[in-house]
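Pulled from TrEMBL:
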BINDING   B:CYS58, B:CYS61, B:HIS62  heme c 1 binding site
BINDING   B:CYS204, B:CYS207, B:HIS208  heme c 2 binding site
BINDING   B:CYS342, B:CYS345, B:HIS346  heme c 3 binding site
DOMAIN    B:44-147  domain 'Cytochrome c'
DOMAIN    B:189-296  domain 'Cytochrome c'
DOMAIN    B:329-415  domain 'Cytochrome c'
REGION    B:435-458  region 'Disordered'
Amino acid sequence: MKLNVNGSTHEVDADPATPLLYVLRNDLELNAAKFGCGLGQCGACTVMVDGKAIFSCLTPILLLEGREIKTVEGLGTIDSPGPMQQAFIEEQAAQCGYCIPGMMMRAQALLQSKPDASDAEIQTTLETNLCRCGTHMRILKAVKRARELMKTAAMAPASGERKV
Amino acid sequence: MKFGRFLTGLGALIVVGVAGAFVYAWKPKIAPIKPPDRGSFHQALVEHGAKLAAVGNCTACHTNPGGKSFAGGLTIPTPFGTIYSSNITPDAETGIGTWSEAAFQRAMREGVGRKGEHLYPAFPYDHFTNVSDDDNRALYAFLMTRQPVKATPPPNELPFPLNVRLVLAGWKMLFFRDGAYQVDASQSEEWNRGAYLVNGLGHCGACHTPRNALGAEKASLHLAGGEAEGWSAFALDGSSPAPVVWDKDSLYTYLRQGWHPDHGVANGPMGEVTGNLGLLPDSDIRAMATYIASIMGEPSAERRAKSDKLLEEIKSGPITSAISADPSASGGKGAVIYEAACAVCHENGRPQPFGGLDLRLSSTVHAPDAQNAINMVLYGLPAASGRTSAIMPGFADVLTNDQLNDLLGYLRQHFTDQPAWTDVVQRAADTRTGKYHVSVRPSDGIERGPSNIGAEDQ
Ligand code: FES
Ligand code: FES
């Protein structure tokens, strides 16, 4: 079946019951999303589908025909990181980094639909994502910074420099 | 001419009727008092009142999630319009600080506020009227010693004539009988204690009894299943949808700890109820279980046999390993979704309350309507803050209504002997748009207090 990931269409040869996470990592070699629990309890596998954050470990690809999937790889590149990535780099928010892609995607989904999300909303939204290293304060700081960077990015003339 | 006379007659009748109703409806004001001193209440009485307030689940309606305890302002959607709960902290201006104990007793017994105004029956005085004077005294002591909070709830949004409180006198005339609990001498003391708690302060019927068109509980269908905050409150009589029959012991365990291995975890507003009941002594919980078990009655031999057989089957493990999840087969899509999204928890053998319930045991999946199943799948069971709790992720952002319908169709077909639900797509749409208002609560706590990050209104 066909899957639309980060703007391009991929023909995937996998059982429709396969969770998206495995298809992303094994078939498409997009390794940002992580396997933490496989039970929808840790958020390490969070990606976006049609702008909403979802647990890819619990989402069979059967559900995703014709829908837009976005992973951290779709937020920017190493040379040209997107605002969310930039903010995490600037705040040095990763400890081991395992939870970070999930945190980024859930935060991205929030700020895309609600650019002015309050600090409290950010905290509540990220509640479903666990960080075993305890770097929560930096993660929150990074997301708050991303909130500002995303606004600037949205206002900047389309130079092609920093794509969101 | 004749018609004119008829009109005059009718007019006169209305005037007399209205005047009569007015006399019936009129309640005197009770003089305001200076908010009593904290020290004027015995500590033991206050502590007793705390337990009673927990039975009454007062905090559930009188606290806004994230707001100050008992300061009111919670949105209570009713079929007639929106009501906002009142501030029952002892603040003199905006709460009940100027209420004497007599005023409080009257509110509980008759549903009348201190100024003589009739209260909307969203405040379940049809149950609270059963509460004894002594218990009311303790409740009063508890509430009057809370932190006063200055907060005025938004005005109710009710259409004319429901916004005229006098109308409530008519409602009361039709549906409300005041009076303290009457002991049933033919029953045990424990049973009577249970009935007093369940039908009085516990106001179980407010959710578990169906209501008529005017919002009053149907007395003939006592505890036959009702509705609460967008959830079906399952029948507590013989028509209970539970696949394994309830008995006194299992009811006790469930109410005591908020879950039971054969029935699962309390969810929706019931999570708050069992959380609150945590304050109660075992004897009171046992009394409630005794009374409810008697309402459920003895199951038929056939029902009992079915229940026993199911428990036997459960012991030998999950059933779905035999299912081939082929999306092109009829019902196959639902099977695929179940296998990928649900079975990882619901069939991994981890025991209750932290593992997923084997859905053959689920009242939600066996229920007459799909609402609770829709709520559970869309919103899951949020984590309670700051403590271990059962959780379930929600799938609102990944499942379309059609996909949800596929899934629930599969669950109904494979885990129950009940007919398919036919209105899942429409119900799910109405639930998502908020036309059908659902409150989502963590499983195990009194989560409307100050730091209740898990609770939200959908
Ligand atoms: S791996 Fe998906 S939530 Fe933990
Ligand atoms: S940075 Fe290690 S798990 Fe979050």
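Glycine is no exception: its Cβ is also placed from the backbone N, Cα and C atoms.
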Proximal but sequence-remote residues of the same chain as B:CYS58 (heme c 1 binding site) (Cβ under 8 Å, at least 6 apart): B:PHE70, B:ILE88, B:LEU143
Separation of alpha carbons, B:CYS61 (heme c 1 binding site) and B:HIS346 (heme c 3 binding site) (Å): 32
Cβ neighbour count within 10 Å of B:HIS346 (heme c 3 binding site): 20
Within the predicted model, mean pLDDT of the domain 'Cytochrome c' (B:44-147): 94
Binding-site residues, contacting chain A; criterion Cβ under 8 Å; candidates B:CYS58, B:CYS61, B:CYS207, B:HIS208, B:HIS346: none
Integer Å distance between the CA atoms belonging to B:HIS208 (heme c 2 binding site) and B:CYS342 (heme c 3 binding site): 29
Cα-to-Cα gap, B:CYS61 (heme c 1 binding site) vs B:CYS207 (heme c 2 binding site), nearest whole Å: 13
Separation of alpha carbons, B:HIS62 (heme c 1 binding site) and B:CYS207 (heme c 2 binding site) (Å): 16
Fewest-neighbour residue among binding-site residues, criterion Cβ within 10 Å, set B:CYS207, B:CYS345: B:CYS345
Residue counts (helix, strand, coil, in that order) that DSSP gives for the domain 'Cytochrome c' (B:44-147): 44 helix, 12 strand, 48 coil
8 Å Cβ shell about B:CYS58, B:CYS61, B:HIS62 centroid, heme c 1 site members excluded: B:GLY56, B:ASN57, B:THR59, B:ALA60, B:THR63, B:PHE70, B:GLY72, B:LEU74, B:SER85, B:ILE88
Surrounding CB atoms that lie within 10 Å of the CB of B:HIS62 (heme c 1 binding site), all protein chains: 25
Distance, B:CYS345 (heme c 3 binding site) to B:HIS208 (heme c 2 binding site) (CA atoms, angstrom): 29
